[in-house]
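Per Swiss-Prot, the features are:
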- ASP251: active site (ACT_SITE)
- HIS17, HIS19, LYS103, ASP251: Zn(2+) 1 binding site (BINDING)
- HIS19, LEU20, ARG21, ASN45, HIS140, LEU223, HIS255, ALA267: substrate binding site (BINDING)
- LYS103, HIS140, HIS178: Zn(2+) 2 binding site (BINDING)
- LYS103: N6-carboxylysine (MOD_RES)
Amino acid sequence: MTAPSQVLKIRRPDDWHVHLRDGDMLKTVVPYTSEIYGRAIVMPNLASPITTVDAAIAYRQRILDAVPAGHDFTPLMTCYLTDSLDADELERGFHEGVFTAAKLYPANATTNSSHGVTSVDAIMPVLERMEKLGMPLLVHGEVTHADVDIFDREARFIDTVMEPLRQRLTTLKVVFEHITTKDAAQYVRDGNDYLAATITPQHLMFNRNDMLVGGIRPHLYCLPILKRNIHQQALRELVASGFTRAFLGTDSAPHSRHRKETSCGCAGCFNAPSALGSYAAVFEEMNALAHFEAFCSLNGPQFYGLPVNTGWVELVRDEQHVPENIALADDSLVPFLAGETVRWSVKK
C-alpha cells in the first residue's frame, strides 16, 4: 500500500457483511456498495428469508439488476439457517457456487430473525456438513434469553454457544460477525485459524454514550448495540495491531426514516456511503494506516479462500459533507454520519 499524506491507495476492498434489502430499497442502496466494493457478503434476512438455492439465485439477480453500468460487483450469497433447513440443499448451493456461506441468527436476535435457530443442537447435522465442506458459518453472536441484559448478550454467547460449538466442530470455519466487546476481541485473538471477525465502522467510532447522552440518536442504534468505551477501545486496538483475522464488514442496514425515528425504532445503520472513509479515519487516529489495506482488502479473501481483487481504490483527504437524507420512493434514508463531515473520501 502507498500512503502519502493526502492519498491512500489500496486494493479494491470487499464488504464481508451487508444488508441490501429488496424492492425499491434495494434499488436505492445497491449502488453505494457496488461503486466501491468488488464483492459483498449479502445477508439473507429478507421478510421471506433466503433458505433455498432457487431463492438465492433469484435474489442475486435482483441485486445484479440494480448494479449501475460500469460497476464491477459480485454479490456473494448466504443461506439463512433454520431449524428445518435441509443439509442437502445447503450443500447443493455451495457446490453450485450459489451459497458462499451460511448465516446463523439466534431466533429474534435482530431484524427479520424470527425464523432463526432456536438452538445449535437443532442444526447440528447441517453444521457438521458445513465443516466437511469447508463452508464458512457466519454468526450473529448474541443470546436472546429474556433474562440476559442486552449489553451482556455477546459475552454470554461466547461462553454458552460459541465456545461449545467450536469445541465440538473443531475445523468449522466461523466468522464472529460485528463484534462489539473486549470479550469478543480477546476471544477471536486467542482463537485459531478457523475463527475470524468482522467489525463495523460504528463500533470503532462510537460507544453507547454517543447514542444516549444528550438525547437519543436513533441512527446510531444497531444490533449488537453500542457498548461501553472500554469495549470500543478494545476493538480499535485489535484492528490497529494488524491482526489478520479481522476484516471489514460494514453491517450496513438501511431502514426508512419513519422506521428509525419512531417510538419503537428499527436497529441498523446505513453506513455504505461513508464506511470506507470512516474506517480510514479510525486507522489514521490509531496510527495504523499501515494495516488499513489488509483489513479492507486482504484479510477477508485470505480467510474465505478467495482471490484478492485486481482493481484499486484511492481515498483522498478531501472533506466531504454526508447528506442529511437520501430519497426513497415514498420516504427517505438517513445515512450514518448524516450532516457531518468526513475527512477521507473515495476518489471518483
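Here the Cβ of each residue, glycine as well, is placed from N, Cα and C on the backbone.
The maximum pairwise C-alpha distance among HIS19, LEU20, ARG21, ASN45, HIS140, LEU223, HIS255, ALA267, the residues recorded as binding substrate, is 19 Å. Measuring Cα to Cα from HIS178 (Zn(2+) 2 binding site), the binding-site residues that fall within 10 Å are HIS140, out of ASN45, LYS103, HIS140. Within 10 Å of ASN45 (substrate binding site), counting CA to CA, the recorded positions HIS17, HIS19, LYS103, ASP251 contribute HIS19, LYS103.
Per Cα geometry, ASP251 is the residue among the recorded positions HIS140, LEU223, ASP251, ALA267 nearest to HIS19 (Zn(2+) 1 binding site). For the pair HIS140 (substrate binding site) and LYS103 (Zn(2+) 1 binding site), the Cα-Cα distance reads 8 Å.
In the three-state DSSP scheme, LEU20 (substrate binding site) is classed as coil. The secondary structure of LYS103 (Zn(2+) 1 binding site), as reduced to three states from DSSP, is extended strand. With a 10 A radius on its CB, HIS17 (Zn(2+) 1 binding site) counts 26 other CB atoms from all the protein chains.
For the recorded positions HIS17, LYS103, ASP251, a Cα-Cα cutoff of 10 angstroms around ALA267 (substrate binding site) retains nothing.
Around ARG21 (substrate binding site), the C-beta neighbours below 8 angstroms that are at least 6 residues distant in the chain are VAL29, LEU46, PRO254. For the binding-site residues LEU20, LEU223, ALA267, the largest tally of other C-beta atoms within 10 A is found at LEU20. When other Cβ atoms within 10 Å of the Cβ of HIS19 (Zn(2+) 1 binding site) are tallied across all protein chains shown, the result is 26. When the Cα atoms are compared, LEU223 (substrate binding site) and LYS103 (Zn(2+) 1 binding site) turn out to be 15 Å apart. The Cβ of ASP251 (active site) has HIS17, VAL18, HIS19, GLU177, HIS178, THR198, THR200, CYS222, GLY268, CYS269, ASN271 as same-chain neighbours under 8 Å, each 6 or more residues away in sequence.
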